[in-house]
Amino acid sequence: MKIQAIETVAADWSGDYLGIGFFEDSAAIDAGLTQLDQSLQDILQDLVSETEFQGKVGEQPWTRIAGPGSIRKVMLIGLGSPDAFTLDSLRQAAAAFAKAAQKQKAASAGLQLPSWDDDAAASTQAMAEGIELALHQEIRFKSDPDAKKPGEFPQEVHLLGLANQAAAIEKAQQICAGVILTRELVAAPANVVTPSALAETAAQIAEDHGLTLEVLEREECEAQGMGAFLGVSLASELPPKFIHLTYKPSGTPRRKLAIVGKGVTFDSGGLNLKVGGSGIETMKMDMAGSGATLGAAKAIGQLKPDVEVHFIVAAAENMISGHALHPGDILTASNGKTIEINNTDAEGRLTLADALVFAEKQGVDAIVDLATLTGACIVALGNDIAGMWTPEDSLAEELSQASEQAGEKFWRMPLEEKYFEGLKSPIADMKNTGPRPGGSITAALFLKQYIENTPWAHLDVAGPVWTEKENGYLNVGATGFAVRTLVNWVMG
């Protein structure tokens, strides 16, 4: 599929499937249709009347154009109130149009939507993202060869009334390549995406896009004192991999950043085994933080900003065997702090502890970690919103702006220091879990113990990384959540 931005407007375009966006305003709808309708024998006005189209979000009537005209089918796309119009409105509208064009088997499609904030480049990028992500399908594991073929339609999409936007489309496609990589990593089962597979993915990113890669094996992790991370991997027959990808710009970097992703490729719960009804069958996606980290690395490697970025993943399985971590064991992290294990199913924070210590040693200006860390965050915020914890107001503002531009939802949560009382241990520096109330807060407070002076934020993405329901450019399954926010943060 080829996406192009062209100066031609809807009234002059010819092709199989035309989509036109309208705000919720009957006068504007009438005025917008007048010129185009002159060549279509008032078909569009009839469509508006028959379907009672008002321009509301979700309204998408279409009709076939009879006769030998230059357009075969037309779709009207409701955009809602102009006051609520955002870049994500463009993504959603473009996604709906792309899926409709695919369903109608349109070889050529033309889409005309208003620009957001008179910013043609940002608007073009958002539309291209919506199209690319909407048409991505997870079909790798189908046995039918025909099912594995990419969709033939549409073959080309024209973004109408926009000229000289090739760079914006290319940027969208580079970012979407990272999102799609993340989707594929998170969607794949644990017998495919192992710690070694994550390391191999990192190696491919490094080779393709000029990043440097360091992978620490178990012995090297032991030498660095990574007892928390290695404790999680004790029961697995698959070796842990500590992955460190680095992107460096050609010149002096404007700043240095670290992104740390939780990389538990399967979480059985350990000896605190996840039982029926606990969602153990979904625990292949417990590495979604690392998936987003590698997806962001792929995108950043193509975009090549003037920022140095360290992408860090401590990859391991949390399994059961005679060598497994016991409840009551004490682990020592690489900063010397000791941890009493009172729940082996709170393992992600253990891997992140050593990863955060390692990240700070890189001398970066800020660190962001992301993880499917707690079910408590889903209870608090639902499946569509991720939690954000940081003591730094400026970093919180950076991430909020980046997420708003991406159309990904985060909500800043409190780092209530009083709650750390629940993590105190009589025999070690801390326990790895606290009481049930405020579970996502105590998890963030645990991670805070492994940061000394660097500005840091923790993102709990447990809810939004997966969806059971199609929604706009999000198809059922892995969503690729947080990649676009991370990219915007780095580029900002």
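The backbone N, Cα and C atoms fix where each Cβ goes, glycine too.
For the Mn(2+) 2 site, Swiss-Prot gives LYS262, ASP267, GLU347; the one candidate out of ASP286, ASP329, ASP365, ASP369 that the record lists there too is ASP286. Of all Cβ atoms in the protein chains displayed, 18 besides its own lie within 10 Å of the Cβ of ASP345 (Mn(2+) 1 binding site). Among the recorded positions LYS262, ASP345, GLU347, ARG349, the ones whose Cα is located within 10 Å of the Cα of LYS274 (active site) are ASP345. Summary of the Mn(2+) 2 site environment: with the site residues LYS262, ASP267, ASP286, GLU347 set aside, the chain residues having Cβ atoms within 8 Å of the Cβ mean position are VAL232, VAL264, MET283, MET287, ASN318, GLY348, THR351, ALA371, THR372.
Secondary structure from DSSP puts ASP345 (Mn(2+) 1 binding site) in coil.
Of all the binding-site residues given, namely LYS262, ASP267, ASP286, those whose Cα is no farther than the 10 Å limit from the Cα of ASP345 (Mn(2+) 1 binding site) are ASP267. Excluding the listed site residues ASP267, ASP345, GLU347, the same chain places VAL232, VAL264, SER268, GLY269, GLY270, ASN272, LYS274, ASP286, ASN318, THR344, ALA346, GLY348 with Cβ atoms within 8 Å of the centre of the Mn(2+) 1 site Cβ atoms.
Taking the C-alpha positions, the distance from ASP267 (Mn(2+) 2 binding site) to ARG349 (active site) comes to 13 Å.
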